[in-house]
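As given in TrEMBL:
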type: TRANSMEM; residues: 116-133; note: transmembrane segment
type: TRANSMEM; residues: 139-160; note: transmembrane segment
type: TRANSMEM; residues: 181-202; note: transmembrane segment
type: TRANSMEM; residues: 208-227; note: transmembrane segment
type: TRANSMEM; residues: 265-286; note: transmembrane segment
type: TRANSMEM; residues: 298-317; note: transmembrane segment
type: TRANSMEM; residues: 329-348; note: transmembrane segment
type: TRANSMEM; residues: 397-421; note: transmembrane segment
type: TRANSMEM; residues: 433-454; note: transmembrane segment
Amino acid sequence: MDFSSPQVSDVPVYKQSEEEEKEIKEEKLMNWFRVLAKEMHWSFVFGVVSVNGISQGMGGAVYKVATDYYWKDVQRVQPSAAQIYQGITSLPWIVKPLWGLMTDVLPLGGYRRRPYFMLAGLLGVVSMLMLSLHRDLGVVLALLALTTGSTGVAMADVTIDACVAQNSINHPSLAADMQSLCGFSSSLGGLLGFSFSGLLLHTFGSQGVLGLLSLPSALVFSVGIVLKELRRPNFVYKQVYGKLQQANQTMWTTMKCPNVWRPCVYMYISLALNLSIHQGMFYWYTDPNSGPSFSQETVGFIFSVGAVGSLIGVLIYQNILKDYPFRTLLLWSQLLSSFSGMLDLILVSRLNLRLGIPDYFFIVIDESISQMISRIKWMPILVLSSKLCPSGIEGTFFALLMSIDHIGMLTGSWGGGLLLHSLKVTRTQFTNLWAAILIRSLIRVVPLAFIYLVPKADHQSRILPVDLLMENGILRTLEAEVDDAERMPLVYKT
């Protein structure tokens, strides 16, 4: 080919794409929310805000405080048992690949995503109303209702993650920005939810608040109504089995890739060794004898400050850290996570009082720092996971990666419950709580021995082999140009 004589039509196209790319980068720095709404369609942004921000963020924050008090005051269980029960209610998150497979290979009414948003919202509404209206639910039925509600949230999460993963392939330069939108929405929603959770609990009680959580589920239902999605009519359902086989084969091929299984192993180890002793700390917070005896409003405010820390973590990642390699970010965030855990030791040992620092002030600082570090640690995991998804089964594979993470979280939750039980931390006995905190914080250092499993790539790198990003012989990033072409008449009309 003669490069000295390029075609005239090629020159302006090349220059125009460079100018557009520069413009997109400048817009991203000023307002990534507006850029995503322009590039992905407003219904996608609405879906992210509704699912991540309102359902998981705000609703999840209220749910966290309400269920803490529900297990403590209504069911009256021990902190170690509550820790185990909360692990059980998270089981639907472990089978996320099942929901992902359904959204990828089993369209309903010609749509791959919309019906599953509607089903998820319906499950949430029914389960939350059941918990609210039934006054004498036993532990088993309460677990069933909470697990059903968790199923609805998990299904909605998988579906919106599928949309994010697909758009991350179509628009690779915006992958980190989409995850930042998810994290920002979740953190801001958590801030709002925690801010008025105490007031809601004081006014309606834990069961009444659980009933109010049917409203975010109803909003998720509405996402299924308005989401922009290409309808595929005349789907041959006999092809489902073949598509399942093909999806399983693609997942297996992808998982055998060293750039995929190695970071998966690290992510599991990192989360599994992050032992959760939240219930022990919560019971201590609210204990009138051994602890500071915080009220419902105070607990909600403390968690809301933690949400502020989480929000700051998202902004720090978006504006400062997102261009750093994944390995560097995960190494330092893991190390800082271990150090931040020691702040609880200062609080429980009452050293803060000897230093003249009130419990309320110290725990606010503790919670905000811990949540900020946790969010900074979580963001690169999400971005890395979105870049490990092969074309055609984005929802399924992202769900598989997230299920691995949730298995790690479940391991950490149950491990923390067993730790509390072995140290005899109960509803009223907190003598050995300091030992649980020390053990938890020291164990957090262990994953650093496996940090070499994480690739040195950054968010702009393409980690998967090109053949795994191909669908029907076409690189999926080219679909973004089709989407732009479809939006072009709308732009000209305005």
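Cβ atoms are placed via backbone N, Cα and C, with glycine included.
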Paired segments the transmembrane segment (208-227) and the transmembrane segment (139-160) in contact, 3+ CB pairs under 8 A: yes
With the cut-off at Cβ under 8 Å and a gap of six or more residues from its ends, the chain residues touching the transmembrane segment (433-454) are 262-263, 265-266, 269-270, 273-275, 277, 280-281, 284, 326-327, 330-331, 334-335, 337-339, 341-342, 344-345, 348-349, 384, 416, 419-420, 423, 425
Within the same chain, where does the transmembrane segment (116-133) have neighbours whose Cβ lies under 8 angstroms from its own Cβ atoms, ignoring anything closer than 6 residues to its ends? I mean 6 or more beyond. 47, 51, 55, 70, 99, 102-103, 108, 142, 145-146, 148-149, 151-153, 155-156, 158-160, 207-208, 210-214, 216-225, 227
Same-chain residues near the transmembrane segment (181-202), Cβ under 8 Å, at least 6 residues beyond its ends: 32-33, 36, 45, 48-49, 52-54, 56-62, 64-66, 69, 160, 164, 208-209, 212, 295-301, 303-308, 310-311, 313-315, 317-318, 375, 378-379, 382
